[in-house]
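Only one structure is covered here, and it is reproduced in the block below.
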């Protein structure tokens, strides 16, 4: 009996907030994609001045999406403050704008070198795939030099925000990847405290099982709500 990482994630935790950054060059389609994901429709947008913050609910996560305008995207002195506690970075590319792709690459590479994003999850939306002569996701991957970045979790999604093709598929990847990272981190903490071994050894003893679960909740989940004991019992079966 085993549970997938994403299923286990939803069982163990109640609604959780995750900070996600929407960045990219001006006119790439960041805000259009954001509101497509949030509202399910295309809304008329204007260039973002400063930044906007929107809450976007997806499954059991409330994504707190920070849509950074062109100035914030280029203002490196502000990056460490804006990027703090970010779980994911969404970088939007205008697939039809070949002339500015190198510029976009340089901005992205500098962002990924900021310490606050050293272990972030990166999702690249290759937007505007409906344009004539739009670059493919493979071509953009090569031009952005994604295979050389230090972040191990990255994905590029071919997208057309106006037709709705791609944004939700990319968000699903982001959700699954963040879920797995959280569960692996939690699992490693449990191993360090011998809690996994305790759950396995004591799974037939209700009293000792409860004691192990209590230790787990007090030591590892001070800010997260723990669900029913049976779900943590299922965690043993993943080992």
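Glycine is treated like the rest: Cβ placed from N, Cα and C.
Nobody curates TrEMBL annotations by hand; they come from automatic prediction.
If you check TrEMBL, you get these features:
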type    : residues                                           : note
BINDING : 24, 25, 26, 27, 28, 29, 30, 31, 127, 128, 129, 130 : GTP binding site
BINDING : 31, 48                                             : Mg(2+) binding site
Highest Cβ count within 10 Å among the binding-site residues 127, 129: which residue is it? 127
For residue 31 (Mg(2+) binding site), what is the tally of other C-beta atoms lying within 10 angstroms of its C-beta? 21
Which residue, of the binding-site residues 24, 26, 30, has its CB surrounded by the fewest other CB atoms within 10 A? 26
Students should find that the Cα atoms of residue 31 (Mg(2+) binding site) and residue 129 (GTP binding site) sit apart, in Å rounded to an integer, by 16
